[in-house]
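Trainee: Annotation source TrEMBL lists Mg(2+) 2 binding site at D207, E243, E247. According to TrEMBL, the feature Mg(2+) 1 binding site maps to D207, E211. The feature substrate binding site is assigned by TrEMBL to S269. Per TrEMBL, the feature domain 'KARI N-terminal Rossmann' maps to 8-198. Residues or ranges marked as domain 'KARI C-terminal knotted' by TrEMBL: 199-346.
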Amino acid sequence: MKLKFGSVEENVVTREEFPLEKAREVLKDEVIAVIGYGVQGPGQALNLKDNGFNVIVGQRKNSKTWDKAVADGWVPGETLFEIEEACQRGTIIQFLLSDAGQIALWPTVKKYLTPGKALYFSHGFGITYKEKTGIIPPPDVDVILVAPKGSGTSLRRMFVEGRGLNSSYAIYQDATGRAKDRVIALGIGVGSGYLFETDFYREVTSDLTGERGTLMGAIQGIFAAQYEVLRENGHSPSEAFNETVEELTQSLMPLVAENGMDWMYANCSTTAQRGALDWWKPFRDATKPVFEKLYNSVKSGQEAQKSIDSNSRPDYREKLEAELKELRESEMWQAGATVRKLRPENN
Ligand SMILES: NC(=O)C1=CN([C@@H]2O[C@H](COP(=O)(O)OP(=O)(O)OC[C@H]3O[C@@H](n4cnc5c(N)ncnc54)[C@H](O)[C@@H]3O)[C@@H](O)[C@H]2O)C=CC1
Ligand SMILES: CC(=O)[C@](C)(O)C(=O)O
Ligand SMILES: [Mg+2]
Ligand SMILES: [Mg+2]
């Protein structure tokens, strides 16, 4: 259906319009092979299975994630296979290796993309940056995308709670005439709350911007800046952490989620409202140049190149873990660990 977002009309697909029974009907003869069992793999594969679809998992044997798949109930030789065998058995191949890992495995996957199959991504990365990734699908397969707008962990958790994370969807290539039905059915099948339309280029550029920006990079940066100023002015770690992070995540963000920023403001003191209404624009003006720089870095392909280069190294996991450890061991997040333990529900 068409829905207005502010004054702009967009295409969205809801569960009411495209119920699960219809999705099952569309995909009744398909074998959905989920390749990769990292973060999105488990979320999507388990939701599909619980929704009654015919799904198998492809993962490297003798890996931690193979063991995780077994622990999650996938049965070797029945529903869990080596990547190559899963690609051969699947009629829909959900390419859910890391974006860098997809480059290495592409020649293998490509071999099994026989006419009429569908190649499914959860990111526009591989296709948009095809000059860098070498991912160029044959012309006689459907190439589709469902990108859950959140962590695979949240996708699964929200499904189990009877809720649904929203996703975007796109069609890059419709070889069979069934690409639209296939992509919507898969979007509903993986547990999306609703689906909004995009294309591969817009998905990857907005996603790379968002995760580097307000969703992950900018939020950590702004937390660190405020925490440091409070500490430099003699505030204790617990006071600085509570006034920077804990109050935001526990008290105020849930109000924003429920009813918007103005409603969160309206539920704070008039003192806070006066100050926050005065200060949001200077913060916007100070950070907007950084967001413009970020967007240009995404647009030029530089962000994609950096991520391919670093995540293709054999020791990329150790390198990432070392940097996460640095964050974890920073005073702010050490203070956070103590604060979390003090939440009554954690006692
Ligand atoms: N993490 C998330 O929640 C989200 C991820 N996505 C997209 O979903 C796709 C999958 O991402 P994640 O689940 O985060 O991936 P991941 O980084 O967790 O990796 C998935 C799997 O790929 C395997 N892998 C990596 N390199 C490999 C190689 N060279 N050979 C064989 N296997 C290899 C890993 O062992 C892991 O099992 C990506 O396109 C990503 O951008 C989209 C939305 C959210
Ligand atoms: C969770 C998500 O949608 C991200 C942040 O874009 C990602 O994990 O790549
Ligand atoms: Mg994302
Ligand atoms: Mg992303």
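One is the number of the first residue shown, and numbering goes on along the chain from there.
Cβ atoms here come from the backbone N, Cα and C positions, even for glycine.
Automatic, uncurated: that is what TrEMBL annotation is.
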Trainee: Sorry to bug you, but what's the C-alpha spacing from S269 (substrate binding site) to E247 (Mg(2+) 2 binding site), rounded to the closest Å?
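Mentor: Checking the Cα atoms of E247 (Mg(2+) 2 binding site) and S269 (substrate binding site) gives a distance of 14 Å.
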Trainee: If you average the pLDDT over the domain 'KARI N-terminal Rossmann' (8-198), what number do you get?
Mentor: 97
Trainee: Looking only at DSSP and grouping its letters into three states, which state does the residue listed as 'substrate binding site' belong to?
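Mentor: The residue in question, the residue listed as 'substrate binding site', is coil (DSSP, three-state).
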Trainee: Which one of these binding-site residues has the most other Cβ atoms within 10 Å of its own Cβ: D207, E211, E243, E247?
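Mentor: Result of the Cβ crowding comparison: D207.
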Trainee: Taking 10 A as the limit, how many CB atoms besides its own sit near the CB of S269 (substrate binding site)?
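Mentor: Here the count is 9.
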Trainee: Mind running the binding-site residues D207, E211, E243, E247, S269 against ligand 4 and keeping the ones whose CB falls under 6 Å of it?
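Mentor: D207, E211, by Cβ distance under 6 Å.
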Trainee: Please identify, among the binding-site residues D207, E211, E243, the one with the smallest Cα-Cα distance to the residue listed as 'substrate binding site'.
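Mentor: Among D207, E211, E243, E243.
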Trainee: Taking a cut-off of under 6 Å between Cβ and any atom of ligand 2, tell me which of the binding-site residues D207, E211, E247, S269 pass.
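Mentor: The binding-site residues passing the 6 Å Cβ test are D207, E211.
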Trainee: Mind running the binding-site residues E243, E247, S269 against ligand 3 and keeping the ones whose CB falls under 6 Å of it?
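Mentor: Going through E243, E247, S269 in sequence order, none turns out to be close to ligand 3.
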Trainee: To the nearest whole angstrom, state the Cα distance for the pair E211 (Mg(2+) 1 binding site) and E243 (Mg(2+) 2 binding site).
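Mentor: For E211 (Mg(2+) 1 binding site) versus E243 (Mg(2+) 2 binding site), the Cα atoms are 24 Å apart.
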